[in-house]
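Chemist: Submitted below is the structure of interest, expressed as structure tokens.
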Amino acid sequence: MADRIELRGLTVHGRHGVYDHERVAGQRFVIDVTVWIDLAEAANSDDLADTYDYVRLASRAAEIVAGPPRKLIETVGAEIADHVMDDQRVHAVEVAVHKPQAPIPQTFDDVAVVIRRSRRGGRGWVVPAGGAV
């Protein structure tokens, strides 16, 4: 499946982390989501109902990030991915949760986890490099 919808750089304040100060003060998280879905019907019909609504995707992802604190960003990414996979039209999803202000003492640009889900292989199935599903 080559068709996909990409949401990049969704920035949301959340309270996720292992340390108490992360869960109290919170910090900025950046979310990237790629949804593999057949877009042929949407292209032919020109109807929002025939595609995956990226406005709703952004809204739900933001709700999850801003929601209850989690110790691990892996959990946050999995919640977003599982929500996307609730839509049976979706073939696969990849969610990257970036934590650019993570409490790492060394200088770094970013740290992220990437969660992938697919109908073909279920949880943890790896989408091949280049995104072909």
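The backbone N, Cα and C atoms fix where each Cβ goes, and this holds for glycine too.
Note that this is a predicted model, so its numbers are computed, not measured.
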Chemist: Choose the correct range: of 14-28, 119-133, which one does Swiss-Prot annotate as region 'Targeting peptide'? Give that range.
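Modeler: Among 14-28, 119-133, the range Swiss-Prot annotates as region 'Targeting peptide' is 119-133.
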Chemist: What whole-number Å value do you get for the CA-CA distance of Lys99 (active site, proton donor/acceptor) and Glu74 (substrate binding site)?
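Modeler: Just about 11 Å between their Cα atoms.
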Chemist: State the three-class DSSP label for Glu74 (substrate binding site), counting H, G and I as helix, E and B as strand, and everything else as coil.
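Modeler: The three-state answer is helix.
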Chemist: Counting other Cβ atoms within 10 Å of each residue's Cβ, which of the binding-site residues Glu22, Glu74 comes out lowest?
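Modeler: Checked Glu22, Glu74; of these binding-site residues, fewest Cβ neighbours within 10 Å: Glu74.
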